[in-house]
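A.B. asks: Here it is, the structure in full.
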Amino acid sequence: MSPDAIRVVVCGDDAVGKSSLITSLIKETIIEPQTNNVLPPITISRNDYIESSQEYLNDQDHHHHHQSSPSTMKNKRKHNNKRERERERESSINNVQPNEISEYIPNITTIIDTSSSDMTNLQKELKRADVIWLVYSDHYTYERISLHWMPLFRSMGVNLPIILCANKSDLFPKSKSNLKSTNSDEFVPLINEFKEIEAGVRCSAKNNYNVVEAFYLCQRAVTHPISPIFDAKEGNLKPGAIKPLKRIFWLSDTDQDGYLNFEELSELHKKCFGIEASKSDYEEIVNLIDQKILPSYNTTIETQTPPQQQHLATSAGTPNGTTTTTSKGISEDGFILLNKIYAESGRHETVWCILRAYHYTNSLSLSDKFLYPRLDVNPHSSVELSPTGYKFFVDLFIKFDKDNDGGLNEDELNTLFRSTPGIPKLWVESNFPSSIVCNEEGYVTLQGWLAQWNLTTFLSYKTTLEYLAYLGFDEGNSTKALKVTKPRKIRQKNGKTYRNAVNDRNVFNCFIVGAPKAGKSSLLESFLHGSYSDIYSPTIQPRLVVKDIELRGGKQCYLILEELGELEPAILENKSRLDQCDVICYAYDSSDPESFQYLVELREKHGHLLDEVPAVFVALKADLDKQQQRCDVQPENYTRDLFLNSPLHVSLAWNSSLHEMFIQLVDAAKTPSSATPGIELEVSVDQDDIKHIIMTGAAIAVVGLVSIWVLNSLRR
């Protein structure tokens, strides 16, 4: 992962060699610029830089006798004290694999030369910069780093990564040990004092020494910044980095035993670095953690690890301090420690490779493209779970039903949603789990679990996509878990508008309207649980329930029932909400003579919108004495005038009548022409039916003609 372009602004006092470093990088030989002559901006493309970078890294491997393992997650270096860690941090590029370098390089890198005497231009360039290459060359210019340059950057509000460059190293003694000591003595105080400084490197523009490394470190400071993930002063990973790493561990721990075994770590390694980890890789990682937590008596360390921290190691310690691998694997704390080792030793590319494999950005938040991938949905289409989506949520349910009781209790749900921001807001608004089928203990059943996700996908497919990402959907693009139905077509007949039949949908939405005390809430309860309460409680806020039902022929679908509550008038005036509704259930109390008049007045007020939505009239409480309705027209006559079926008499005590009502609601939603007010059945034949009739007639005619021809042939 790399940005399209970055700007490197080279700063420092006059005569420290800023322009010489740039020319040495470009020409691989020093060209003495004229005094106070600032170079024009230099643009380096990705392709220009890859080859030279690979050659540089290969040379570094040769000179340092360093053989990197193919396993990116491995780190063979031991850090015995803080100074050594800082030295390793300075030369960490030696651990970068040549075949990985291209991943770090932006498409275009622009290098901007500056002059300390032209403060106006310097400030302008700093505000456009992505990283600062800060150069000094002697003790005086070194002191001005903390006395002048860093205060200047902070006073300007510039919060950019800074790479320190000690130029003109050819003027220092040739001793390698003395050079390393000088590096540590110079860089460590500045790195500890100023969090903006990410690394320091000693260079020589004259000898072309470490110039490419310094330039690479500038790029790396942008593509793989250390500051978001590691606190150099505290020597620990930052909380903002620990949180996503814990989520990655949780997703990788497929058996949910709290440890990464060899198979799980190998899969994590393959996802992050493209190759599976070998058994020796795994053992070396475990040993690396063990040596950090439970060092042997032969290992030189700063402080002995307290016994209470030994659980971080995934291996058992032997009496003499050596460690052996157990079958459990790497714990969560051990995984965090492993990444801390990488970060503090300058291997933060490895940490970023892990984070970015799981779609984290530089701000350590999940990428919007990952959370909300593009899905083209026609305004007249709906979105449902695909077979892949069903399988994912079924597997997720089984995985977290730890006690195998067929239900997810509160603890199991909390564990399941650990890698997410929590239960979706939409679920809270729909009073989950009261919106679905639960078992006697109130635990979420698989039936209810799938129904809730169908409800979520129907109402807000973006929420489903978001949570698929959070929950670790790993079948490529999360849109594979969803399917978009065909757009709903609108037809007209005799000036009346109605919806065309649908045959590719499995989720249908039904509004239930009716007078207070008509039995709407009890109907929802019976739909879910097969029982209801006699205690009346008015519905204030809209209420949703969802459940799968079996249709004629054995096919199953999901039916969403929505009681609108006090928002009923507003919702029925909202065309976009009505477009989401597949059928309206007009319910009245057949034992209350005033109940049906409410529906008549409701349709008179909102009829211009309601007439386009399929309708089913239902007479509830049919087990009680039927009463003559006190309105101008009786229910049977009213529905006949609308060319609708007579009200279906339903009692919550009669399960068969309830099931028949739900089937009729789905039938009306699937074949709107049969239940749209004002549409006569005989004039609303579907286009597909006409085609079938024509084709059948044509087939009969062909058969007849063939029969006559055969008969005539026989007579001859």
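Cβ coordinates are placed from backbone N, Cα and C, and glycine is handled just like the others.
According to Swiss-Prot, the record shows the following:
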- 3-224: domain 'Miro 1' (DOMAIN)
- 58-99: region 'Disordered' (REGION)
- 84-91, 113-115, 167-170: GTP 1 binding site (BINDING)
- 240-275: domain 'EF-hand 1' (DOMAIN)
- D253, D255, D257, Y259, E264: Ca(2+) 1 binding site (BINDING)
- 303-327: region 'Disordered' (REGION)
- 388-423: domain 'EF-hand 2' (DOMAIN)
- D401, D403, D405, E412: Ca(2+) 2 binding site (BINDING)
- 505-671: domain 'Miro 2' (DOMAIN)
- 514-521, 550-554, 620-623: GTP 2 binding site (BINDING)
A.B. asks: Would you say the domain 'Miro 2' (505-671) and the domain 'EF-hand 2' (388-423) are in contact under the rule of three or more C-beta pairs closer than 8 Å, pairs 6 or more apart in sequence?
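C.D. replies: Answer no: the domain 'EF-hand 2' (388-423) and the domain 'Miro 2' (505-671) share fewer than 3 Cβ pairs below 8 Å.
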A.B. asks: Once the chains shown are all counted, how many other Cβ atoms turn up within 10 Å of the Cβ of K168 (GTP 1 binding site)?
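C.D. replies: Its Cβ has 22 other Cβ atoms within 10 Å.
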A.B. asks: What is the interatomic distance between the Cα atoms of G514 (GTP 2 binding site) and E412 (Ca(2+) 2 binding site), given in whole Å?
C.D. replies: 39
A.B. asks: Over the domain 'Miro 1' (3-224), what is the model's mean pLDDT?
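C.D. replies: A mean pLDDT of 74 is what the model gives the domain 'Miro 1' (3-224).
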A.B. asks: Using C-alpha atoms only, work out the spacing between D403 (Ca(2+) 2 binding site) and D257 (Ca(2+) 1 binding site) and round it to an integer in Å.
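C.D. replies: Per the Cα atoms, D403 (Ca(2+) 2 binding site) and D257 (Ca(2+) 1 binding site) stand 14 Å apart.
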A.B. asks: Using C-alpha atoms, which one of the binding-site residues D257, Y259, L551 comes nearest to K168 (GTP 1 binding site)?
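C.D. replies: Closest candidate to K168 (GTP 1 binding site), judged by Cα separation, is Y259.
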A.B. asks: Hey, does DSSP put Y259 (Ca(2+) 1 binding site) in a helix, a strand, or just coil?
C.D. replies: strand
A.B. asks: Which has the fewest other Cβ atoms within 10 Å: L551, A622, the binding-site residues listed?
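C.D. replies: Each of the binding-site residues L551, A622 was scored; lowest Cβ tally within 10 Å is L551.
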A.B. asks: List only the single closest residue to D257 (Ca(2+) 1 binding site), chosen from the binding-site residues D113, S115, K517 by CA-CA distance.
C.D. replies: K517
A.B. asks: I'd like the per-state residue tally for the domain 'EF-hand 2' (388-423) from DSSP, helix first, then strand, then coil.
C.D. replies: 23 helix, 2 strand, 11 coil
A.B. asks: Check each residue in the chain of D113 (GTP 1 binding site) that is at least six apart in sequence and keep those whose C-beta is under 8 Å from its C-beta; list them in sequence order.
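C.D. replies: When sequence neighbours closer than 6 are ignored, D113 (GTP 1 binding site) has V10, K18, S19, I22, V38, L39, P40, P41, I42 within Cβ distance under 8 Å.
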A.B. asks: Minimum Cβ neighbour count within 10 Å among the binding-site residues G514, G554: which residue?
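C.D. replies: Ranked by other Cβ atoms within 10 Å, the binding-site residues G514, G554 bottom out at G554.
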A.B. asks: Counting all other Cβ atoms within 10 Å across every protein chain shown, which of the binding-site residues K517, K520 scores highest?
C.D. replies: K520
A.B. asks: Hey, for the Ca(2+) 2 site built from D401, D403, D405, E412, who else sits with CB inside 8 A of the CB center?
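C.D. replies: Residues close to the Ca(2+) 2 site, other than D401, D403, D405, E412: F400, K402, N404, G406, G407, L408, N409, Y443.
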